[in-house]
């Protein structure tokens, strides 16, 4: 030991090497014995040691410990001989003295002496004792753990310190790789010498025992120890039970330990415990977790990281803090504060985390590989499967991922995403100790590695063969599961960061060719022969197979295409070949014809009725555009396949123009790709044929078109022309309007009936979806309904006005054109339409239908019983199947809600007086009520104006026909708005008007007792087909009238 420097504070207990030991003085031992005799019940030396399985863990008996302690342990009063900074103090034992742990120097071998000589002594505060502390922190076993746990009072620990056994550590630098590490581990910082490098990079592996030995010492023993012991005490009992197996394997190799009574040793051991604790406590802390991942960092990055560390992370500053602790231990006031703070740490774990977070994080970054390996083997003894998974993971990653556990911020989130699923199934029940991502490293014994880096330290400690075999035996299942877990994360993060350690891990597990030559695409649809399948995952391209998961109807199929039967492929992107506006890209695969039977077998023989040429072609509609990187990788895969199969043409993709002749002759019935995809996008010639039967009309063609945009194919058969029109590959289908002369298709009713209505080919255009029906179609179908659909009895009782009637009634005219300016407004309106009823008396009818168009919206007004002046109840006719009778019996007890309009909510006094009497007889009677029904599919019209105009018209018409005056008011001619089926768009109002009339004729309303419910008058699907039904009716009548005229 260096004792020549004056003023330098001597260590509290010097380590004597090579058998030189200073025996404690007899006076001091006498004082210790006196203290122990004062409270003998507090000291039970044999009690904690009797619980240990010494025969299983220790080769040295308890007597050997005593003998070794007497021969080689220094006196405990050594520190009292020289105080802080050279000031002498009395040798009296202070009750505030901390527990000092002594470590035996393990550098007794030739290599250890050489190692001591190579360490420069450029720091006055670092001595040989510090080197020994840093070089030989022990791998603690359960025996030493339980011994240290029971050291509670200070005088007990002083007396028991003589009985603590020495543990000799095997030097892990005895291998060739260790000597190489010594040469390459120097750091150029001024305040970090080789001693600090050894201290930071070669801390010996701390197991659960070393953790618990630190946490169970009293908090007032050491400031650093109190911080780490507050949180780790929760895992003592659980770790004790499961660390037996691992410790036995280490002890078989002759690894042992010994505790010293030096404060700085405890601080170093406490720091190691902090390493372990942070990994277990901060499970959700991404910064701490990221530092526990195995990564490869360059020397420059490691230097930059160390230069950014605060002063508290410097070993020199740690030594200074240890000095301050030694100064404070002689000051009772300071000691009291430290003890209180230590107790607070035990009481408030959150406060402990806040205080120690920074220093613990930095210490984790300096854990060496061999310490990480020991941690991976012993940090999770509570669960065998968790430990096995971590050991196999480290053996799988091997040496390429061993290094200082530091990550740049860019990689942290990605690695957390990858690592957590691997450990999630093992993390239950290990909330206090096992973190989500413990440090995982690899040793040289667990597997040979071919790639080695000079920047990475790979120590090879002497381990039991059983550990290696255990790692190898348990590595196989985890290795097989690793690519499945990490494949997706690697693929998504490969473009985000320049370095991904998990990608290198997979490269160690999967052959390089198989890993590189695999590509996944997200697709939306697959077209194989006659079927179209929806995507159920990603299509996978490899050199051996192509996997296509898809679903047809309710059947899920995973098609595996053997690449040995692949003939050609194609990749058609929208920007290169503008054949498609629907998808970004199409992948085309052409398989050999002798492979169709295998495809049909995989499709369970339920898809194809027979084999066809179209089955050879597989089209994959990709979800998004393909990147240049993916395109190059796909070409590499195809090149490899072509080399294997001996088909050189396979390495060259087919363009759209080259592939088109292969399937252009297929019909839409044979190929689903042509039917579903190309019919709306590319539409090749002769592939997507849509036949249109038209009348043979010779018309001059326009020959001065600059550039044709479509292809026209003509065929004449049986006096009709069959036309096939397809757009060019770079064009879309566009709606073609008729541009020829207007042609009258039908006259309904046909001659010789008078009042026939003509329908032309222009009128058919309004029957397209989304178009408003014009007045010609409205009038035609209303005439058709009353002449063809209504019963004779109902025809006699009904009258339908033309769609122009209400328009003429409400038309505004110039006052100069009026013959008699003294006429009222109602009389003027009636005069405009007086000739509409010259051959009919509407007051002899029960139902008068008036189509109304306001602001391009169609609705229906039905004038019911205009000849009645009040409500009349009659018996139901026996011959009429009553829709309203059944409805009335169901709704007779309901109250009047929205059916009676607000303007006519009050009925006459006679009605009110009769209602209570007639409620009982309503099921046996039918009600005839004079009213105006408004059947509106939107309720968007000005109903009040319409109803008032119709009342005024009826009043004038009554005077003209009956030659008497009658008032049509809100009381005797009420307006009702029953609930009817409503439209779900903005263009079907005319269709609903026609359906209201048709439903009325089919199932008329004969009972007008309120309320009137017509919500289920007809189903909605009737409206969906009504336009097409009217079109077919017109064309059918057109053919009938054509045949009649020709004959």
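Cβ atoms here come from the backbone N, Cα and C positions, even for glycine.
Here Swiss-Prot gives region 'Disordered' for one range in the set 1-30, 31-60: that range is 1-30. Here Swiss-Prot gives region 'Disordered' for one range in the set 370-404, 405-439, 440-474: that range is 440-474. Mean per-residue pLDDT, taken over the region 'Protease' (757-1047), amounts to 80. Secondary structure from DSSP puts residue 857 (active site) in a beta strand. Its own atom aside, the Cβ of residue 936 (active site) has 23 Cβ atoms within 10 angstroms in the protein chains shown.
Secondary structure at residue 989 (active site, nucleophile), taken from DSSP and collapsed to helix, strand or coil, is helix. In the three-state DSSP classification, residue 936 (active site) falls within coil. Annotation for residue 989 (active site, nucleophile): same-chain Cβ neighbours under 8 Å, separated by at least 6 residues, are 772, 857, 858, 859, 937, 938, 983. Using a 10 Å radius centred on the Cβ of residue 857 (active site) and all shown protein chains, the other Cβ atoms total 17.
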